[in-house]
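A.B. asks: Dropping a structure here in structure tokens format, bear with me for questions.
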């Protein structure tokens, strides 16, 4: 029972009315007697009990205050009782009055007075003596000194302090022998040879360490550098762990051990020497000598610590786990040896870092097609109908002209069909087509389906909403059904890659009506959705995979490539291929394509296909047939295009006017508003909601789940107005969408065509309104061109803006706007990288040094001799281009290596301090970040023991600092030239990593809205 619980017992219990001592009694009978006496004497009235209770409460409060300082205080009357009890039990006088627990320092004087009074009254030897006796201090169970017993003399007891004898070792051993002689079983001599050998090793080891201690201390004094204080208030100290000086005069027991760097007095790291524990062991030995039992243990039993440490002599030193990352260097090694070891360790760390980086990088396992025996497959299924065989070339040209002017590039292209029955489709496919309401093939379908079914690689270019998806889906179903079913562990037969997630979902939904009847399984793999569900679908088996390039790379590289593979893939579709390459997916697309068998069938479709994309497309195609319907980048004739030139302030009011006119006349219609930026989409959404229009926004900054649900609600009619960026400019198909508003003018013609093409699909009509401000005159040229190509009237205001801009371009006052997606892909990547490298070389001042290397990189490509030629001109051009890229990469790498290897001067100050200045202003942003972020700075300072400070200001290339200012640089300070050089080497390594990362990933698309693969 606790103290507080006992003190608050009810007052009706008679034995708790009076104040009593709450210490623990040793005799239970004494407790019972005291309780009985108090119970018999308690015959007071109720009032007395009440007064007693009040007294009890006041005493309790006073007692609680006393317990705050001394938990076990005594009163005079209870001490007298203890003395009587001690006499009855024959307890020695010296223990009378001693508390079984230590008292507080605050009441030490009171305890001494109580003990003196008790001793004077009870000890007959000390009665009448004027000498005060102080109580014996409480000894810990860990004390090895001899306790003073009752047999001590009076003079010893009367001494000022209690005596603690320290018996010499030889005397202790002698006394131990005498005591052991009285024991019949004890032995006077150790006969265990193993124990004697251990004792001998311990003595020899202690003697050798004692001899080395003096020489080591003197050597340490010589090597210790004088302490230098920082003169600048903002400057960091130059020595110590992490750049801070450690006051080694203080006790270092409270210092936290660093798990990475061993806190040592020397500049460089050293081994953990056993002599560091010598002082601790000597103190332990001195404590053992003061105890007789310790003296006997010296001969009978070896201390476990000494025996264990002695067994380690001659073995390899073990480094603590916390020091695994620390360099282990001999403390007696000179500076040259330390530098060699340091460079070796740095090289190993670089290799480990590179290996870790490569292990984290997701990459598809490269497939050697020459070592794989692929199954044969058939891709020519087309049988020309009898009614088409008899058509003459003139009649075929007339038929193609009637189908929106189909243009063909390539040889042996099949004739276009006029009905579904001529396509050679199965009965199940025809039934699904009829249920969907497709009466006859569209222009692109009439020509593309026979071409793809005959096994040709096809490039299909057609206007938006012309049915391009069905044009490659129907031949794909026929292609899949001709092959054997999938086995466990086999990958898909057909892959459809798209640039956006919304387009992938759209194509997957168009596949669904055919899958059940044809007994085909499909999987949609795109970013933002849980990858575990997609992996589960692939493991169950899927003949069709609709995917985005990034997620397909994740799936192929997951679990070391054991999730799925591309060995069975024979049909590849690249939908909106120009946009895929423009978004920077060219490396991912090529990695996927290179892992598909070379004799595959490849199909490319898009509404816009610039000429500059042809060379890129032909890398993945073999003798393709190009089918163009209605021209390149042409808006469908079903769309009414309206272009208005108006200031920025009037656009919102005009938008409200258009929405009011539309919804006053029609109810179940949809409106799509395009803006340029995500912030503009959210701001416009807020404004429309305030005006009472049910609307929502979609852009790349939203989660994929939100984007999918937004499109589903938009198609279902939950809201009528959708505000979006160009993320839905391709693939979005909503039948009731009748109004498209380009709130922000598109910056090139291809984007304009795709935005406007969201309406007027599948034969329906629609309206597209575009707002353009007078400041956006450079975009007026492309919009006017699109109107002319689609045979729409061009407004006078728009034509005036276009003419004014063209005049400025001719006069050299303006630069022509970009031509959309043309010239992008690999060409854009190479040009951008070359421009960045030129800027970096110019900033580094390396133009003159790298003239020869740059000339070699720009030299004409090596001619492919007939012996080296592969027979394929496309492959030969690719090999030559790869050689040129390798030469440019080598030139850039050489230039940066020359810059980083330039020496940096180290200055020695008067206070034996070494300083160095390392400029970082002209390096790329990622390289500057690598050497200025706190994590790397702390790592370098802990590794080298230097102080690194970032000083100066950053200036853009071509700008000079103001008078009295300096460009951005690192100020390195250290106690020796060795540590400063090591810091410079480590910083150069970080700079090189940052430069390489900047060159490799500088042109990758932003990761906003991307998924995270766990």
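Quick reminder: no glycine exception, Cβ is built from N, Cα and C everywhere.
Got these off Swiss-Prot a minute ago, pasting:
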BINDING   462, 463, 464, 465, 466, 467, 468, 469  ATP binding site
COMPBIAS  1-11  compositional bias 'Basic residues'
DOMAIN    449-627  domain 'Helicase ATP-binding'
DOMAIN    638-802  domain 'Helicase C-terminal'
MOTIF     418-446  motif 'Q motif'
MOTIF     575-578  motif 'DEAD box'
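On this model, are these features tucked inside or out on the surface, and what's nearby?
C.D. replies: Within 10 Å of the Cβ of residue 465 (ATP binding site) there are 22 other Cβ atoms, across all protein chains. In the three-state DSSP classification, residue 465 (ATP binding site) falls within coil.
Residue counts for the motif 'Q motif' (418-446) under DSSP (helix as H, G, I; strand as E, B; rest coil) come to 18 helix, 0 strand, 11 coil.
With a cut-off of 8 Å between Cβ atoms, the residues of this chain six or more beyond the motif 'DEAD box' (575-578) that come close are 468-469, 472, 496-500, 503, 507, 604-610, 613, 617, 730-731, 750, 821, 824-825.
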A.B. asks: Using DSSP, how many residues of the motif 'DEAD box' (575-578) fall into helix, strand and coil, respectively?
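C.D. replies: Once the DSSP states are binned, the motif 'DEAD box' (575-578) shows 2 helix, 1 strand, 1 coil.
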A.B. asks: Are there residues at least 6 beyond the ends of the motif 'Q motif' (418-446) whose Cβ is under 8 Å from a Cβ of it, and what are they?
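C.D. replies: For the motif 'Q motif' (418-446), the list is 381-383, 385, 387-388, 399, 403-404, 406, 453, 460, 462, 466-468, 470-471, 474, 477-478, 481, 513-514, 517-518, 627, 629-630.
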A.B. asks: Least buried of the binding-site residues 463, 468, going by other Cβ atoms within 10 Å?
C.D. replies: 468
A.B. asks: Here are the binding-site residues: 466, 469. Which has the lowest count of other Cβ atoms within 10 Å?
C.D. replies: 469
A.B. asks: Around residue 467 (ATP binding site), how many other CB atoms lie within 10 A of its CB?
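C.D. replies: Excluding its own Cβ, residue 467 (ATP binding site) sees 19 Cβ atoms within 10 Å.
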A.B. asks: Measure from the Cβ of residue 462 (ATP binding site) and count the other Cβ atoms within 10 Å, all protein chains considered.
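C.D. replies: Result for residue 462 (ATP binding site): 29 neighbouring Cβ atoms inside 10 Å.
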A.B. asks: Can you tell me how many other Cβ atoms are located within 10 Å of the Cβ belonging to residue 464 (ATP binding site)?
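C.D. replies: The Cβ of residue 464 (ATP binding site) has 25 Cβ neighbours within 10 Å.
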A.B. asks: Need one number: mean pLDDT over the motif 'Q motif' (418-446).
C.D. replies: 88
